[in-house]
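Here is the structure we will look at.
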Amino acid sequence: MELRLYDTLSREKRTFVPLDPNNVRMYVCGPTVYDFAHIGNARPVIVFDVLFRLLRHLYGEAHVKYVRNITDVDDKINDRAARDFPGLPLNEAIRKVTEQTGKQFHADVDALGALRPSVEPRATEHIGEMREIIERLVAGDFAYVAEDHVLFSPQAMNAANSTLPRYGALSKRSLDEMIAGARVDVAPYKRDATDFVLWKPSKPGEPSWPSPAGIAAPGRPGWHVECSAMAWKHLGEHFDIHGGGIDLVFPHHENEVAQTCCAFHRERMANYWMHNGFLQVESEKMSKSLGNFVTIHELLADWPGEVLRLNMLKTHYHSPIDWTMKSLEESARTLDDWYRLAADVEPGKPAASVVEPLLDDLNTPLAIAALHGLRNGDVSGLAASLRLLGFLSESAARWEGRKQQASGVDAKEVERLISERTAARARKDFKESDRLRDELAAMGVAIKDSKDGTTWEIAR
Ligand code: AMP
Ligand code: ZN
C-alpha cells in the first residue's frame with residue numbers, strides 16, 4: 001500500500017516517495033507565541049500529527065523527523081509585551097510573554113493528543129542561519145539593502161536565467177498581476193511594490209541583533225526568513241513535506257520557497273506542500289468582534305482533548321470545517337462508546353479498512369466511518385486503529401472518572417439516588433421512581449435499566 005498526498009504546488013494527488021526513507025522529513029509552520037492559541041490553530045497541529053503518526057507507522061519511529069517552529073520574534077509579540085507588562089524593560093516583558101504563551105501552547109496541544117515534534121526550534125535561536133541566508137541572497141543579487149532594510153526582489157528571481165522555480169508558482173499568481181494590483185502606498189525604500197522584507201532595523205529598546213549585509217544598525221528578521229532558516233538548519237536545503245494552514249500559501253510559503261531556492265540554487269524546497277482548510281464556528285468566520293473566538297484552553301475546560309481531536313478529524317483536512325456544539329456533542333458520544341468498547345482491550349494491528357483511507361491523502365472521515373464498522377467485530381483492531389489516530393490515551397475508568405469530574409456530578413450521590421429508585425420500583429412506587437429519574441436527569445445523569453440492574457452515564 002502506498003501513501004498518496006495532495007500537493008498544493010502541482011495541484012494533484014501524488015504517490016509519496018521520500019528523498020530518504022530512513023529520514024523522512026516534514027516541516028510545519030508553528031505558532032507565533034503572543035496569545036492563547038484558538039481552535040483554528042489546533043487544526044494544523046492535529047492534522048499534521050496524524051500525518052506524523054502515519055509516517056512513523058509506515059517508515060518506523062526512528063526514521064521520521066518532524067520540525068514545527070515557534071515564532072518568538074514578531075511585532076505582535078512586542079506589542080503584547082508592552083501592553084501587558086508596561087513597567088518592565090521591553091526585552092524582559094517579551095521573554096515573559098513568549099515563555100507563558102509557549103507553555104500554554106504545549107499544555108493545549110498535549111491535551112489534544114498531539115505528539116511533540118522531533119524538534120521545536122525557536123526563531124531567536126536561529127538568527128545566525130537567517131543572516132547567512134540573507135548574505136547569500138544579497139551576494140546572488142536576489143536581495144538588496146535599502147535604508148537599513150534588506151529586501152528580497154521577486155522580479156530579480158524571475159529574471160534569473162536558471163532552474164529556479166518561478167515566483168508565484170506555489171500560489172498560482174503571476175508576478176505581473178501582483179505588480180499591477182499592488183497598493184499605491186508602498187514603503188519608499190522598496191524598489192518594487194512586490195519586494196518583501198528579509199531584515200529590518202529595530203527601534204531602540206526592541207529586540208535586535210547584529211545586522212547582515214554590512215548594515216551598521218542592529219535589526220531583526222522578517223517572518224518569512226525565519227522558517228527558511230529553521231527548516232534549513234534541521235531538515236536541509238531540500239526535504240519532503242512542508243505544511244501549514246491554507247492562509248499561509250501566500251505570501252508566507254511563496255516567500256519561503258523564494259528565499260530557500262535562491263539561497264541554495266535549488267529547484268525545490270519541499271517535494272510536497274500540504275495545506276489544511278480553514279475552521280469556522282457555527283457557520284461564521286471566527287473573530288473577536290463576532291464574539292465566537294474560542295481558544296483551545298477554553299474548550300478544554302468543557303471537553304476532553306480527544307473529543308476536540310475527533311471533532312476535527314471528522315472533516316477531511318482539505319475542506320473547510322464548521323465547528324459546532326452539535327457536532328462536539330456527537331463526537332463526545334462516539335468517544336464514550338469507543339472508550340467503553342476498546343480502551344482496555346489489548347490492541348492488535350490497525351485495521352486495513354482504517355489505514356487505507358488514511359493512505360489516500362489522510363481521508364480521516366472515511367477512516368472514522370471504518371472505525372464505526374469495527375465496533376461489532378474486530379475490537380482489538382479497533383483499539384489499535386484508534387491508537388494509531390492518537391485516541392485512547394487513557395483507561396476506560398479514568399475516562400469515565402474525568403467525565404464525571406468535569407460534569408461536577410457527585411458519583412456517590414448518584415449511586416444513592418439510584419438505589420433509592422431501585423427500592424421504589426421494587427415496592428411498585430412508580431411515582432417516586434419517576435421522580436428520582438427526573439432528579440437524576442436534572443443533574444445531567446442518564447440511567448439505563450437492564451436485566452442486570454441500572455447503569456448510568458453523564459448525558460451530554
Ligand atoms: P498563526 O498563529 O495565525 O500564524 O497560525 C498558526 C497556524 O494556524 C497556521 O498554520 C495557520 O494557517 C493556522 N490557522 C490559523 N487560523 C486558522 C483557522 N481558522 N482554521 C484553520 N487553520 C488556521
Ligand atoms: Zn513558516
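Just so you know, glycine gets a Cβ as well, placed from its N, Cα and C.
The Zn(2+) binding site annotation in TrEMBL covers Cys29, Cys227, His252, Glu256. The Cβ neighbour count for His252 (Zn(2+) binding site), using a 10 Å radius over every protein chain in view, is 17.
Taking all protein chains in view, 8 other C-beta atoms sit within 10 angstroms of the C-beta of Lys288 (ATP binding site). In this structure, Lys288 (ATP binding site) belongs to neither helix nor strand by DSSP; it is coil. The ATP binding site annotation in TrEMBL covers Lys288.
The domain 'tRNA synthetases class I catalytic' feature in TrEMBL is assigned to 16-331.
Tertiary proximity for the domain 'Cysteinyl-tRNA ligase anticodon binding' (412-456), restricted to same-chain residues at least six positions away from its ends with a CB under 8 Å from its CB atoms, involves no residues. Here TrEMBL flags 412-456 as domain 'Cysteinyl-tRNA ligase anticodon binding'.
Under the heading motif ''HIGH' region', TrEMBL lists 31-41. If you look at the motif ''HIGH' region' (31-41), the same-chain residues 6 or more away from its ends with a CB under 8 A from one of its CBs are 70-72, 74, 76-77, 79-80, 97-98, 101-102, 104-105, 108-109, 245, 278-279, 281, 286, 293-297, 299, 308, 323.
Across the motif ''KMSKS' region' (285-289), the prediction's mean pLDDT works out to 81. According to TrEMBL, the motif ''KMSKS' region' annotation covers 285-289.
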Residue among the binding-site residues Cys29, Cys227 whose Cβ has the most other Cβ atoms within 10 Å: Cys227
Secondary structure of His252 (Zn(2+) binding site) (DSSP, helix/strand/coil): helix
Those binding-site residues in Cys29, Cys227, His252, Glu256, Lys288 whose CB falls under 6 A of ligand 1, listed in sequence order: Cys29
Among Cys29, Cys227, Glu256, which are recorded as binding-site residues, the nearest neighbour of Lys288 (ATP binding site) by Cα: Cys29
